Amino acid sequence: MSRQVVRSSKFRHVFGQPAKADQCYEDVRVSQTTWDSGFCAVNPKFMALICEASGGGAFLVLPLGKTGRVDKNVPLVCGHTAPVLDIAWCPHNDNVIASGSEDCTVMVWEIPDGGLVLPLREPVVTLEGHTKRVGIVAWHPTAQNVLLSAGCDNVILVWDVGTGAAVLTLGPDVHPDTIYSVDWSRDGALICTSCRDKRVRVIEPRKGTVVAEKERPHEGTRPVHAVFVSEGKILTTGFSRMSERQVALWDTKHLEEPLSLQELDTSSGVLLPFFDPDTNIVYLCGKGDSSIRYFEITSEAPFLHYLSMFSSKESQRGMGYMPKRGLEVNKCEIARFYKLHERKCEPIAMTVPRKSDLFQEDLYPPTAGPDPALTAEEWLSGRDAGPLLISLKDGYVPPKSRELRVNRGLDSARRRATPEPSSTLSSDTVSRLEEDVRNLNAIVQKLQERLDRLEETVQAK
């Protein structure tokens, strides 16, 4: 009888640990809109989630440590006139977040360090160029102020947020149908897209050229999602002809056959992939699922190795993924997800069991830091650069907020002027405004009491 050889991996025993009740965000109203995005975005400072709101689209932003029950009157980011479909934090400024909406606009917002004290209605800049709803927003990983948006008009626009102008356009000639997913390569030289026309494309956005294309990576009719992984490969999730969910790994230079194709189950939810380039682990989270599967990608066959699955009782309505610099390295945490329930956001820590409390260098290689490697102008001129790396050995402390400056130049004449955002007010100004509000409330209370006394006098006569 031959012995089965088990592949050695330091991630074989990774396990998921949900946060305790007091470390969750309770009593939040998660959006009911049907759309295949995560509906949640997190960074080392803030947690943001798309929520139900009357009279337009809104999302909630809370300081990361402000857990527990969320007040029903908590101020929201509420400048959109229709439901918000996607949100994304800027990788180079933890106070800046972009949102795409059914109102056909992209808005970029600046959140003060302590969070919002008043509703935020005016964005730093509104980016107008799509003719149908905007379902995807994605920041360039290494170039400052470069933002991509994809709309249901089958158009991808790349914006220079610093000027408020669209600098690149990929029109319906590239994607003739709805775009399901867009992902930047690690150095931002390429994008990978999946489309309703059943094709996955690798595109050089500055030239507008498709450098690789795969027709029907999965035989089913349900949406496909695609992300870049290590060494020029892409990973796709989709469905078989028999509606079984699948995950596949592809070499972009040889797309004829997948390097690996695995069937998972027969659930109907679209699988959202999250890839960690530091560990080469990809996590698969399905909306409507109650589990997170994770796989390790290696450079030798069979390339894609199933590790394990975290399961819970309640299904997820969305999922946020924390950047590596927001993790607790002293607890050997290699990933953290923010699972959206119907009325709650629950952090889930993915941990490698280790006996020592010392920094584990093999788990934490230098990771992408918060500083951009390029300006928007440098990237547009043809330069590419990988992320500027930082060590997490001594922990990571988020820097104080850096103001986002927008210089519209000649473009301002044809776009609506954007007033100074309330989020840039100083703490002294905010304190004065809060005091004014309290004084006004006191005056209103006194007037109400006076009115009540007058009514009693009139009734007595």
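Indices start at 1 and increase along the chain as displayed.
Quick reminder: no glycine exception, Cβ is built from N, Cα and C everywhere.
If you look up Swiss-Prot, you'll see Ser2 marked as N-acetylserine.
Per Swiss-Prot, phosphoserine is recorded for Ser2 (among others), and the stated evidence type is similarity to another entry.
Sorting the repeat 'WD 2' (73-110) by DSSP state (H, G, I as helix; E, B as strand; all else coil) yields 0 helix, 22 strand, 16 coil. Look at Swiss-Prot and you will find 73-110 tagged as repeat 'WD 2'.
According to Swiss-Prot, the repeat 'WD 3' annotation covers 123-160. If one looks beyond the repeat 'WD 3' (123-160) by at least 6 residues along the same chain, the residues whose Cβ comes under 8 Å of a Cβ in the stretch are 35, 37, 79, 82, 85-92, 96, 98-110, 166-172, 174-179, 181-188, 191, 193, 205, 368, 372-376, 378-380, 384-388, 404, 406, 415-416, 418, 421.
Using a Cβ-Cβ cut-off under 8 Å and counting only residues 6 or more beyond its ends in the same chain, the repeat 'WD 5' (207-251) has close neighbours at 36, 168-170, 174, 180-181, 183-186, 190, 192-194, 196, 198-201, 258-268, 270-275, 277, 280, 282, 284, 286, 295, 297, 299, 303-304. What Swiss-Prot records for 207-251 is repeat 'WD 5'.
Annotation comment: Swiss-Prot describes 302-349 as repeat 'WD 7'.
Among the features that Swiss-Prot reports, region 'Disordered' is placed at 407-431.
According to Swiss-Prot, the phosphoserine annotation covers Ser412 (among others).
The phosphothreonine feature in Swiss-Prot is assigned to Thr418.
Look at Swiss-Prot and you will find 420-430 tagged as compositional bias 'Polar residues'.
Among the features that Swiss-Prot reports, phosphoserine is placed at Ser422 (among others).
Within the model, the repeat 'WD 7' (302-349) shows a mean pLDDT value of 95, rounded to a whole number. Under DSSP, residues within the repeat 'WD 3' (123-160) fall into helix, strand and coil as 0 helix, 22 strand, 16 coil.
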